[in-house]
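Trainee: These came from Swiss-Prot, pasted as-is:
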| type | residues | note |
| --- | --- | --- |
| BINDING | 63, 65, 155, 310 | Zn(2+) 1 binding site |
| BINDING | 65, 66, 67, 97, 283, 314 | substrate binding site |
| BINDING | 155, 182, 235 | Zn(2+) 2 binding site |
| ACT_SITE | 310 | active site |
């Protein structure tokens, strides 16, 4: 069989290259060989019929929880990678809050070995900012980078010590690593479990004010100005955080940010509308309609660089409990494109900006070799049917997690083919490869 693959007749949307039009993508030896309007295909060459579909660079997710090692009952690198390619993601960044925490080469190498064995999405490990993510002593950044980490985070745990955060930014700068930070002041969070506002009052639940995020974002931007380190703000959820990042960028500071599909599409009112469903409990919590508008505007104008899922699978035991006691987080790799395509239909985003925020935007934020269909780039591609409608059935997801707020929702937009390094690793309607 020929080692050449043709993706024919689709609308190629590649913001990194400025391409948007019907083209044929030619893949040879795992690389993009050509993107052209007219290409003659040899008889023995494999082909994907992409007529009436979008063809984009494979999606890049800067924020996923693959749970391995230590929590394989929730997810494994293999099941998470399978969910990723089913959603069009060809590269994912694995957060370090595993058991043990990824604060050393041994854990990083294990994650990479599991990813290689799965042979699906590319997995980029994120190392811990502090040893054990305990916020007391910095991890060995040189060791983490040398073993394959592309960024650093104590994800799920804010770095409460300003002195430690300063040292982390300085130390990470020496290795060219961004810090991707969960921003919340735990003193303001207290025992809160949802956004502080009228909805929390009606539901009788303790609230978390938006300012818990805002003050930490402002602090860390000030520390970036002091140190010159690179800051990436994880899962932005407040209007104040968007304003702070916008101003930091205006001043030329090395600050980037991401936002999740759920913080773009849901509000704190959905907690009550769902009947206290724990599939609507996450951290940061679903915010007010004003915050959602600000996040949408921030994504549309480029203040926020990337859409990231914060894919966080949990077992039923951890979710089928009272709202106060339930684990935070939802799965999102397989629904992200569909949910965000809804924003395009609402007029909140353009098609180009949606693709940009799923591809070259995140790739640039972390300096990853991804997010483009330029000649010579790795042939990581998503083929998408933007018109296809489907109903979310948690039992049919590839992830081990079933914790999705989109259960039973009718969504539009499916990934029909995912290609990694020139190999078709996902084809809708066919058995897993």
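Even glycines carry a Cβ here, placed using N, Cα and C.
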Trainee: Please report the number of other Cβ atoms within 10 Å of the Cβ of residue 235 (Zn(2+) 2 binding site).
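Mentor: Taking every protein chain into account, the count is 25.
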Trainee: According to DSSP, which kind of secondary structure is residue 63 (Zn(2+) 1 binding site) found in, if we only use helix, strand and coil?
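Mentor: Assignment for residue 63 (Zn(2+) 1 binding site) reads strand.
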Trainee: Closest of the binding-site residues to residue 66 (substrate binding site), Cα to Cα, picking from 155, 182, 235, 310?
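Mentor: Checked the binding-site residues 155, 182, 235, 310; minimum Cα distance to residue 66 (substrate binding site) goes to 310.
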Trainee: Between residue 63 (Zn(2+) 1 binding site) and residue 235 (Zn(2+) 2 binding site), how far is it from one CA atom to the other, in Å?
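Mentor: Between the Cα atoms of residue 63 (Zn(2+) 1 binding site) and residue 235 (Zn(2+) 2 binding site), the distance comes to 9 Å.
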Trainee: Tell me, in order along the sequence, which binding-site residues from 65, 67, 97, 283, 310 have their CA within 10 Å of residue 235 (Zn(2+) 2 binding site).
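Mentor: Within 10 Å of residue 235 (Zn(2+) 2 binding site): 283, 310.
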Trainee: Could you check the binding-site residues 63, 67, 182, 314 and say which one's CB has the fewest neighbouring CB atoms inside 10 Å?
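Mentor: Each of the binding-site residues 63, 67, 182, 314 was scored by Cβ atoms within 10 Å; lowest is 182.
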Trainee: Work through the binding-site residues one by one (65, 155, 182) and name whichever has its CA nearest to the CA of residue 314 (substrate binding site).
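Mentor: So, spelling it out, the nearest of the binding-site residues is 65.
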Trainee: How many whole Å apart are the CA atoms of residue 283 (substrate binding site) and residue 182 (Zn(2+) 2 binding site)?
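Mentor: That separation, Cα to Cα, works out to 9 Å.
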Trainee: Within 8 Å of the Cβ centre of 63, 65, 155, 310, which other residues of the chain have their Cβ, at the recorded Zn(2+) 1 site?
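Mentor: Output for this site, in sequence order: 64, 95, 97, 156, 234, 235, 308, 309, 311, 312, 329.
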